[in-house]
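Heads up, the thing below is written out as structure tokens.
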Amino acid sequence: MSNISRQAYADMFGPTVGDKVRLADTELWIEVEDDLTTYGEEVKFGGGKVIRDGMGQGQMLAADCVDLVLTNALIVDHWGIVKADIGVKDGRIFAIGKAGNPDIQPNVTIPIGAATEVIAAEGKIVTAGGIDTHIHWICPQQAEEALVSGVTTMVGGGTGPAAGTHATTCTPGPWYISRMLQAADSLPVNIGLLGKGNVSQPDALREQVAAGVIGLKIHEDWGATPAAIDCALTVADEMDIQVALHSDTLNESGFVEDTLAAIGGRTIHTFHTEGAGGGHAPDIITACAHPNILPSSTNPTLPYTLNTIDEHLDMLMVCHHLDPDIAEDVAFAESRIRRETIAAEDVLHDLGAFSLTSSDSQAMGRVGEVVLRTWQVAHRMKVQRGALAEETGDNDNFRVKRYIAKYTINPALTHGIAHEVGSIEVGKLADLVVWSPAFFGVKPATVIKGGMIAIAPMGDINASIPTPQPVHYRPMFGALGSARHHCRLTFLSQAAADNGVAERLNLRSAIAVVKGCRTVQKADMVHNSLQPNITVDTQTYEVRVDGELITSEPADVLPMAQRYFLF
């Protein structure tokens, strides 16, 4: 039997079981847990390579082979870190395993034929497309910015650069909901809209759900009262949608205990649960201890750095229509920004007590940095806190699974879309992000949307090869024309689907219905289900978890930062 060195094998086919890969310039290392390809039968495309007629490519018709295969990919997902080929058919994941020609090769689960395209993923990492559940639809250009960061699904609300949308993620009322669904029909990402949940009588909420929203947003700027919270959750239970909450910073209509009483044990997604983005001051962070609370962070406080506190005051004044010349407005802003709770937030993520990350796009958050900042937190916690107790080897595999779940499977579960997106699993939409390890989490090599390349770095269009400078991210065919409608999903409530909203609005994109929004619990948050006892000292703002003081040091240097953005 012929032998090949590990290094030569990795150079040719990518890493295999036992090999380790560094993620970007962080201190995070992953180790390959399993290899679903077959040694000696690996497929690879190119001159003199395997995927040729009668060799790795068979004679079957299109119906019997995949449309796309990603060869020798290193999959990083909540369920594992595995080397495999990934087959895609009709825009969905067909199989994860061994690609090739079943007529002459063993163990083939992904048949390659004349109808099959190849993306070479040797030496590359492949992740599921990210999901950002805190989108202020201030401008449509956010979709492309999100896409080039590896986010393929955007959930939120708004109508454009209006004062209401600058501050809140609400698309209010049937007319705006209809117009936003029509506008978003041409965006190259999956979308779901949130309606305005701030009313105390149910009919105004029911009509928004019937018009097409997949959730209701309760925001303090519209009045986050116990009555509004109870009403929104009552309608949500009735119509199987999610409720997202930005609670009452000023404690005007009650304290965190009153809000929890109004929630009454029902499932709810609490936005920026640390509090700098808004919520009961100073102790909204304690909500994440409850079994029905699905807590998320927005990215301006992630990770905690020397600049975090100074940056926040001006951001808050702009986004929430506050006047720096009014003392009460300044006091309101300052009450939300607490060094101690921000310092605790990173640790709560590392413990798995906070379950999701998101952006708060153009409204105190950066739409293109959800993925990047999530991994910066993971790096900071590795450096400050060392290996997690759950790790089973000399690697960071468990920590990596915990953090990737925060922007993939957990937001999908939270908003009832996990049957369609959120992980690399058979049957789900083929929203896949391909990364070179050195650029992991920062700049994707390719973003695949519904089985087609939607955006990718591309060199000089007049060059003789695709790689000469200047290289820019450019929309690809999966984001153009009517092809995009076959490669994306518009999420609707069951009531909207039954109401014929897609047909009435002439939506051309595929429609998917949210489900299971009311039964999901904190315990269902993958790798992020911890429910500790959390207390906040109302005088010092110190945070304690099960009696232990929780804090972290502000970062003065971060990975995945300036060195990646010089050009």
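Numbering starts at 1 and runs along the chain as displayed.
Yeah, the Cβs are placed from backbone N, Cα and C, and that goes for glycine too.
Positions annotated as domain 'Urease' by Swiss-Prot: 129-567.
The Ni(2+) 1 binding site annotation in Swiss-Prot covers His134, His136, Lys217, Asp360 and is backed by sequence analysis. For Lys217 (Ni(2+) 1 binding site), the Cβ neighbour count at a 10 Å cut-off comes to 30, with all displayed protein chains included.
Here Swiss-Prot flags Lys217, His246, His272 as Ni(2+) 2 binding site, drawing on sequence analysis. Reduced to three states, the DSSP call for Lys217 (Ni(2+) 1 binding site) is strand.
Sequence annotations record features per position, and here Swiss-Prot assigns N6-carboxylysine to Lys217.
Annotation source Swiss-Prot lists substrate binding site at His219, citing sequence analysis. Proximity of His219 (substrate binding site) to non-local residues of its own chain (separation of 6 or more, Cβ distance below 8 Å) is seen for Ala167, Thr168, Thr169, Cys170, Asn198, His246, Gly278, given in sequence order.
Long-range Cβ proximity for His320 (active site, proton donor), meaning a same-chain Cβ under 8 A and a gap of 6 or more residues, is found for His166, Ala167, Asp221, Gly278, Ala333. Annotation note: His320 (active site, proton donor) sits in a coil segment as assigned by DSSP. The annotation active site, proton donor is assigned in Swiss-Prot to His320.
Annotation: His134 carries the greatest number of neighbouring Cβ atoms among the binding-site residues His134, His136, His246, His272 [cut-off 10 Å, Cβ to Cβ]. Cβ neighbours within 10 Å of Asp360 (Ni(2+) 1 binding site), excluding its own Cβ and spanning all shown chains: 29. If you take the CA of His272 (Ni(2+) 2 binding site) and look 10 A around it, the binding-site residues you hit from His134, Lys217, Asp360 are His134, Asp360.
The secondary structure of His134 (Ni(2+) 1 binding site), as reduced to three states from DSSP, is extended strand. Under DSSP, His272 (Ni(2+) 2 binding site) is assigned to coil, being neither helix nor strand in the three-state scheme.
The Ni(2+) 2 site is defined by Lys217, His246, His272, and by the 8 Å test on Cβ atoms against their centroid, the other residues of the chain that qualify are His134, Thr168, Thr169, Ile218, His219, Ala244, Leu245, Ser247, Thr270, Phe271, Gly277, Gly278, Gly279.
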